[in-house]
Amino acid sequence: MVPGNLFIITAASGAGKTSLIKALLAEDTHLKLSISHTTRKPRPGEQNGVDYHFVDDAMFLQMLGEAKFLESAEVHGARYGTSQSAVDAPLQAGHDVILEIDWQGAAQVRQLYPNAISIFVLPPSIETLEQRLNSRGQDSQETISKRVAAARAEMRHVSEFDYVTINNYFDVALQDIRAIIRAHRLVGAAQLQRYASLIQALT
Ligand code: 5GP
């Protein structure tokens, strides 16, 4: 079995990353999303074990102490972490795995998995980002301003990523990410392993 590829997808909130990942997962059964652990409270409609594993601080710290996380970070006052098992089992089974994590987690994963492929999703403008953050609910102007500042801080790390896509048109950004995933599935070294008998017969 040829191990799968590890894709990191990062974006400032409001860039549309979650919808893009949902669309990718719906069309491609070889892709698996790693479900993170978090200490943040579930939002309406979010399900434990589906959107996140929602845990309390004590449980998170216990897992951290037991080295269960391959990366973890504090984002907007809550802890987030990717468990080793959420990544290694599907990779070994030949699936490609997506990590939807922030720039701090991306930096940690690059150290451990130098072959990980990282993609940053940018909004087309700061105005669009503000509009998207605004249209989410009845948040105060102060909350929106804080989120925009946090988004700018996240986007300052864009140069650390292998690929950058602008999510102006959803379908175009989706095509971009699809293309990145597809190209990495065709990397020669993996194809030689996958098609060893064909290549032997042909050569
Ligand atoms: P939200 O709480 O809105 O779902 O996510 C907030 C931020 O935390 C997003 O930037 C998201 O990518 C990031 N995040 C989610 N899961 C993880 C994780 O396991 N590790 C890290 N480092 N960041 C995460």
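Glycine is treated like the rest: Cβ placed from N, Cα and C.
Some features that TrEMBL has for this protein:
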DOMAIN    4-182  domain 'Guanylate kinase-like'
BINDING   Ala11, Ala12, Ser13, Gly14, Ala15, Gly16, Lys17, Thr18  ATP binding site
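Where TrEMBL records a feature, it is marked here on the structure.
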residue: Ala11; record: ATP binding site; Cβ within 10 Å: 26
residue: Ala12; record: ATP binding site; Cβ within 10 Å: 26
residue: Ser13; record: ATP binding site; Cβ within 10 Å: 19
residue: Gly14; record: ATP binding site; Cβ within 10 Å: 22
residue: Ala15; record: ATP binding site; Cβ within 10 Å: 25
residue: Gly16; record: ATP binding site; Cβ within 10 Å: 20
residue: Lys17; record: ATP binding site; Cβ within 10 Å: 20
residue: Thr18; record: ATP binding site; Cβ within 10 Å: 14
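Looking just at the domain 'Guanylate kinase-like' (4-182), the mean pLDDT is 95. The Cβ centroid of Ala11, Ala12, Ser13, Gly14, Ala15, Gly16, Lys17, Thr18 marks the ATP site; residues of that chain outside this set whose Cβ lies within 8 Å of it are Val121, Pro123, Arg132, Asn167, given in sequence order.
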